[in-house]
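For reference, TrEMBL has these:
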BINDING   114, 116, 133, 140, 323  alpha-D-glucoside binding site
COMPBIAS  212-257  compositional bias 'Basic and acidic residues'
COMPBIAS  350-380  compositional bias 'Basic and acidic residues'
COMPBIAS  381-403  compositional bias 'Acidic residues'
COMPBIAS  411-422  compositional bias 'Acidic residues'
DISULFID  110-142  disulfide bond
REGION    212-284  region 'Disordered'
REGION    350-422  region 'Disordered'
SIGNAL    1-24  signal peptide
Ligand SMILES: *[C@@H]1O[C@H](CO)[C@@H](O)[C@H](O)[C@H]1NC(C)=O
Ligand SMILES: *[C@@H]1O[C@H](CO)[C@@H](O)[C@H](O)[C@H]1NC(C)=O
């Protein structure tokens with residue numbers, strides 16, 4: 001949004017508010033207008049190894065407003081780390097809203113599009129993959145197994161992944177990701193101003209041990225009938241049922257004319273399956289009138305649960321950053337917002353992404369059309385290559401299922417995971 005007629009250079013590190021919503025407190029807002037470079041610090045992380053990627057200040061190849069720029073990863077196989085500082089604050093007794101927009105122009109097949117909030121004192125020049133963070137939020141895509149929105153919360157120096165699956169957008173257009181964390185320890189995750197997931201910090205992360213557990217002392221009562229179906233006592237095996245042979249002699253078979261009993265032995269007709277034979281008898285089943293349902297141990301208070309009413313509190317939030325590894329570059333971040341008012345965030349998303357999305361889609365469709373025309377003109381073989389790709393993708397599905405089940409166990413060993421995936 002370069003058209004707002006303010007001079008952000010005069011207000012480095014200071015919050016710039018788009019709208020006069022009296023109740024909203026905006027801790028950080030970055031629309032990447034002129035002067036953004038004064039507010040953001042590029043890290044030296046991976047520089048020595050020549051693996052630090054360059055950011056491109058651009059509105060991208062397709063957009064809804066060429067003047068509205070953001071920052072885009074511009075080199076393949078590179079690490080990216082950049083951060084901005086804001087006046088330290090605590091979200092105690094406040095709603096915390098963390099929002100940004102991201103566009104993967106490169107048709108991301110493996111890479112992150114998430115951002116981090118960091119706390120305390122951090123050397124921004126050294127910000128990298130090992131720098132502790134408080135919240136990591138946003139989309140992450142890798143092959144077929146990972147297409148999700150991360151929402152990782154750090155509590156007592158341990159990173160906790162959200163346990164619910166929140167699918168992310170996978171197209172090449174801009175989307176707005178919003179994380180809302182409330183003082184009653186509830187949260188919401190929005191994509192493009194639509195709520196995709198919500199719930200409680202207590203149940204959707206394993207930050208604290210569960211409040212209730214199954215009573216380990218409880219035992220299923222002896223007389224508990226948990227058989228849903230029982231054999232029907234009315235259903236009796238018909239007389240002679242077991243005497244019906246499985247096979248019978250073929251009644252239509254005839255002894256061949258030239259059959260010589262002396263030379264060929266006694267002729268016996270071939271056998272065929274007996275149409276009367278219905279397999280071994282099984283008794284019909286009926287609903288058990290005494291069925292009591294599956295037995296479940298009663299839930300009791302977990303003796304290991306100690307409540308922390310500040311479970312949602314990050315007392316020293318001070319930086320926002322992007323720290324990514326990208327195989328293929330082209331991810332564009334924009335409109336970063338940290339505030340205490342979901343309504344404000346919603347309005348900002350409407351004013352930026354909302355106003356531009358149709359034009360961006362049209363520009364993208366145009367670009368795609370051009371690309372396809374070029375491809376079929378230059379190199380008709382290319383379309384074949386794409387078909388092959390699809391085949392390979394389909395194979396990938398198998399791994400997928402495995403990956404998912406693995407992930408359930410990994411929920412707490414987050415960080416390695418995230419980076420392994422990338
Ligand atoms: C920056 O992005 C623009 C728009 O996509 C592109 O034309 C330009 O080549 C990019 N520059 C670099 C250095 O990648
Ligand atoms: C914090 O972590 C330490 C070390 O892992 C552990 O001993 C302690 O119980 C944890 N405290 C809470 C409140 O979870």
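Yeah, the Cβs are placed from backbone N, Cα and C, and that goes for glycine too.
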Sequence-remote contacts (6 or more beyond its ends) of the compositional bias 'Basic and acidic residues' (350-380), Cβ cut-off under 8 Å?
1, 18-19, 31, 61-65, 68, 101, 172-176, 192-193, 334-335
Out of these disulfide-bonded residues, 110, 142, which one has the fewest other C-beta atoms within 10 Å of its own C-beta?
110
Take the C-alpha atoms of residue 323 (alpha-D-glucoside binding site) and residue 110 (disulfide bond) and report the distance between them in angstrom, rounded.
15
Using Cα coordinates, what distance in whole Å links residue 114 (alpha-D-glucoside binding site) and residue 142 (disulfide bond)?
13
Compare the C-alpha of residue 110 (disulfide bond) with the C-alpha of each of the binding-site residues 116, 133, 140, and give the closest one.
140
Work out how many Å separate residue 142 (disulfide bond) and residue 116 (alpha-D-glucoside binding site) at their Cα atoms, rounded off.
19
Report the DSSP secondary-structure composition of the compositional bias 'Basic and acidic residues' (212-257) as helix, strand and coil residue counts.
3 helix, 9 strand, 34 coil
Below 8 Å Cβ to Cβ and six or more residues apart, same chain only. Which residues does that give for residue 133 (alpha-D-glucoside binding site)?
116, 117, 118, 119, 154, 321
So for residue 140 (alpha-D-glucoside binding site), how many other CB atoms are inside 10 Å of its CB?
21
What does DSSP give as the helix, strand and coil breakdown of the compositional bias 'Basic and acidic residues' (350-380)?
29 helix, 0 strand, 2 coil
The record lists 114, 116, 133, 140, 323 as binding alpha-D-glucoside. What's the largest Cα to Cα distance among them, in Å, rounded to a whole number?
17
